[in-house]
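Peer 1: Not my notes, these are from TrEMBL:
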COMPBIAS  A:1-10  compositional bias 'Basic and acidic residues'
DOMAIN    A:31-207  domain 'Heme-copper oxidase subunit III family profile'
REGION    A:1-21  region 'Disordered'
TRANSMEM  A:31-54  transmembrane segment
TRANSMEM  A:74-95  transmembrane segment
TRANSMEM  A:102-122  transmembrane segment
TRANSMEM  A:142-166  transmembrane segment
TRANSMEM  A:186-206  transmembrane segment
Amino acid sequence: MSTAELEHAKTSAGLPPHPERATMEGRNKVLGFWLFLGAETVLFACLFGTYLALKGSTLDGPTTQELYKIPMVAAATIILLTSSLTSVLGVLGLHQNNYKKLMFWFGVTVLLGAAFLGLEIYEFVEYVHEGHTFTSSAFGSAFYTLVGTHGAHVLFGITWITALMIQARRRGINLDTAPKFFVASLYWHFVDVVWVFIFTVVYLMGKVG
Amino acid sequence: MSRGKHSARLLSIFAILTLLMTGCEEPAKTVFDPKGSAGESQLDLIMLSIYIMIFVFVVVMAIFFYVLIRYRQKPGDNSIPKQIEGSMKLELLWIVIPIILLAILAVPTLSTTFSLAEEAPDNGDALRVKVTAHQYWWEFEYPDLGIKTAQELHIPTNEKVYLELTSDDVIHSFWVPELAGKQDLNPGKTNTMWLDAKEPGTYAGRCAELCGASHALMNFEVVAEDRSDFDQWVAERKNPSSEPQTAEQKAGKEVFTQNCMSCHAIDGTKMKTKGDKGPNLTGFAKRNKVAGLMENNDENLEKWLKHPDQIKPGTYMPSFDYLNKKDMNNLKEYLRSLE
Amino acid sequence: MATIVTIIVFILFLGAILTGGYNKELMARFRSHWLWDWITTVDHKKIGILYALGGGFFFIFGGIEALLMRMQLFYPNNDFIVGRTFNELLSMHGTTMIFFVAMPLLFALMNVAVPLQIGARDVAFPFLNALGFWLFFAGGLLMNLSWLFGNAPDAGWTNYVPIAANEYSAGTGIDYYVLGLQISGIGTLIGGINFLVTIINMRAPGMSFLRMPLFTWTSFVASALILFGFPPLTAGLFLIMFERLFGANFFDVAAGGNPIIWQHLFWIFGHPEVYIVILPAFGVMSEVISTFSKKRLFGYTSMVFATILIGFLGFMVWAHHMFTVGMGPVANSIFAIATMAIAVPTGIKVFNWLFTMWGGKIRFTTAMLYAVGFIPTFVMGGVTGVMLASPPADYQYHDSYFVVAHFHYVLIGGTVFGVLAGLYYWWPKMFGYTLNEKIGKWNFWLFFIGFHMTFFIQHFIGLFGMPRRVFTYQPEDGLTLINQISTYGAFLMAVASILLVVNIVYSYRHRVPAGNDPWDGRTLEWTISSPAPFYNFAQLPRVRALDAFWHEKMNGRKEMEPAEPLGPIHMPNDTHLPFVMTLGFFVSGLGFVFRSNEVGVLGLIIVILTMFVRSFEKDHGYHVETDEIEKTEKGANA
């Protein structure tokens, strides 16, 4: 099979305009995932609440004003927001039944996600050097639990999307893989939205006071 | 509602019920027979809610039994009953009536909630007691009087006493059923409540929040006395007779200094340290109970000193089984001389 | 050493997962065994039976724990079981009964009945449904293993810190609680999502929301409560786990923490949890009362909205469990009013049940007896609930035996009566034969009398000054006789529970086919054969009214009009992956309990690998062909 033929096989003709909702399995998956995101929202709300209750308990460690470095976090925010956009472009590729576009934009999404994660790890290492650790105070525990749980979500997201891309390489876009990509992009947006809240509630409000 | 109306009601309903419930037993600390105004206002609410609820229950049961008897299927009757969708009027009825009943309960609920939350006045006249809970004993400190004691909370009658409640370790809850409902003692947080006693007497108290192995045994007492008796108690506590008199007591004090002093304090003696890990033992001989639990006599004291863990599982008090008979007797002599 | 062993085991696992078994013959023997069939099943009816078995299994533990506690309280200052061991009993009793008895038994009924009631061939996520069951079972098993290894959790089912912190609860007891609940909680969340999607997406043609049977409605609302109620528990359990295992400081006052945070998180979960276990029971009662009164449910629409309202208000009232914590009079007042408000929709329900029976033809089958017995019992539990809503009065009731009496009235009088009514009611649909009615009636009356004997009196034990969770009382408290009566009642309930087992065995031995519709039912599950064929409906029914089957019967038809021609039916394949994934979680849980983070992480890696295997697997299920369906249908009707 030539490469051209292979590409053609991957974007099988005759897919409906919204392949993720074309089957009962697909519809169930999308709805179920929305509901799951509802549960995740509550989970993060609880962690936010815990953080807000404990952010003043810094003991001898640095306070939020001393600690947070807004420029670096802002850069991370921009990276993650961009990745949300690229995942939208990926889904656009899915809807246009355009295999190449799908793979390219989801690939970019994964790279941006990895860059965000790298920055976050660097940030954490910095903090630990400044005496702000998981066990140093109630503030430390709450901070790392909230931001770390988000980081774990990003990690899971990039692993997941990577796995889906491997699947798509083998099977192309079809009624089975389409809902998976769609749902993964939903997840990615959710992770992004949570980060917007973390950036506002934790970093910006932490800097203000 | 007045106190007199209470007694009548209580006698009529609950005395009978209580007797039925318990046979010949008399419950020792019932919320149905409050001896303080906090407990009384709580009982008012309890009784009000019980009356409303009995009304609801009776109405439901009347319909219930009528329906069950009237509409049981008769043998051989296979007709199909009329299928009714519902009735707007009826359904509105059982939305509106409960709302009215709840409103009747809600109004006194709110006013009592706020009156019970009253804080100590700032003028300094009020009697304040700092209550600190420990696994498994109670510390009572009178900051304005400079007294620290344990296991027995002494209060004057007919005066509001303002409690500041906190905990040294885990969460406990302060409950004297006859005087007032409970309030939690949280580590790192001070809660307040007030109580008073209208009659002199000894009122049993309990820890009401699971606090570890000996939660069931974390008992204490509130001793309410007339103002003059209370003042005398205060005077005694301020000038305790803690110095040993006899040779045995002197030897006992020696044993105490070697074994007990790091955890327990006795005021009015010239001891080098004053331990605060265990109850303050000043005036121990005048307390009703050993360990807040057993009658204060020689035998129980020895039991406690020898095997505290068998009496209160998980207590921090170590066993003093290793003391020889003479030392043990001297120690007991000394402790039982503390007035 | 331990690490090396676990790594070897792990590699074997990997091999097994990736190759699908290294010894083909052995695997073939495995696969033909009946146990393999149950381990790999994705059929919601079988999963329902598994849930029932699991719930029954843990009920034995929870029940024995209860009896041991009542024996200890028979005499004042009894020394049968004291101190920490008693605390372990009370903690395990509460946790087991709520999470590993009430929840799975309700999930059993939901699995058996909901898809049939809405005319669906399957649930939305058969794979996840199986996973949900296995996770629940693994969590329960993990927690109960604590009895064997070291010590059980001893901080109550509420697991308040600081007594649940390392400093005050030595050993690994609390870790079993944390990880056991975490694992089973994931399973419950998955189960909840599954039912939500099933009910939203998979209803038969014509089955609009306002034609759904009330049990489906209550299951739907309960699932929504699970969806939003369980994450706070998950979050709280994570915090405790981090604190106990990794030295975090959320609750340690010395490090700036605050123990009240746990109480909020726990009760934001805990109060909806109460409605999660009571609402499906309400649904069962509605079905049973309607069926055995031969009348449609009185005020169906208001019942539905009352259910939704209860679910909604259930999230607004958590702090009424914390009136004595010291939140201040303002917060206490707000939560008091919100709590009282719940009485209104609950009252609507009770009166609607009464008026469903009004004018009906009541048949007192065992299922109906439980439903009828439920009404006064639950009203008792409800009115004491309103009494508890008043903060000043609650200062007296709180953490006393009054509260114990209240929630047993709700949880036994509500949930357990509901589950038993449901089991007697749907038993023929699950197994094809009915349970014996004569033994059933003995079972009901003994249970009913034993229950009231045990718990009515506990209201007074509490008002006479006995706190809950105490292992003893003093002779001078004057509480001996009432405690003894309560203990006798508990044993009566135990006898009744044994009778239920006797009934199951007896009825199995003397089974007679029950037919499609043994109770003159009203809803879709009674239109198909008993037990239901694995594909449920040969042809999806067309639903034309509330109480669809009754509607057809009244119009002279014996069965539903099909909404589609007979054709091949798509079914999911059985799979062993849910079991393997659960094994991963279980290994991980045990690893963390034993403070071996390597094993804990390895377990999680098994989980993630299984997820990937599942994702890459091309499993599109299979089709049941028309002639096979015809054969099955004929066989069932013969």
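Glycine is no exception: its Cβ is also placed from the backbone N, Cα and C atoms.
Keep in mind it's a predicted model, so treat the numbers as computed, not measured.
Quick one: how deep are these features, and who are their neighbours?
Peer 2: Only residues 6 or more beyond the boundaries of the transmembrane segment (A:31-54), in the same chain, are considered here, and those with a CB under 8 A from a CB of the stretch are 138-139, 141-143, 145-146, 149-150, 183, 186-187, 190, 194, 197, 201-202.
If one looks beyond the transmembrane segment (A:74-95) by at least 6 residues along the same chain, the residues whose Cβ comes under 8 Å of a Cβ in the stretch are 17-20, 101-106, 108-109, 112-113, 115-116, 119-120, 123, 154, 173, 178, 181-182, 184-185, 188-189, 191-192, 195-196, 199.
Within the chain, the transmembrane segment (A:102-122) has long-range Cβ neighbours (under 8 A, six or more residues past its boundaries) at 72, 75-76, 79-80, 82-83, 86-87, 89-90, 92-94, 147, 151, 154-155, 157-158, 161-162, 164-165, 168-169, 173, 181, 188.
Within the chain carrying the transmembrane segment (A:186-206), a Cβ under 8 angstroms from the stretch's Cβ atoms is held by residues 30, 33-34, 37, 40-41, 44, 48, 51-52, 55, 64-65, 67-68, 70, 73-74, 77, 80-81, 83-84, 87, 109, 113, 143, 146-147, 150, 153-154, 157, 160-161, all 6 or more beyond its ends.
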Peer 1: Short question: which residues 6 or more past the ends of the transmembrane segment (A:142-166) have a Cβ under 8 Å from it?
Peer 2: 43-44, 47-48, 50-51, 53-55, 80, 103, 106-107, 109-110, 113-114, 116-117, 120-121, 124, 132-134, 177, 180-181, 184, 187-188, 191, 194-195, 198, 202
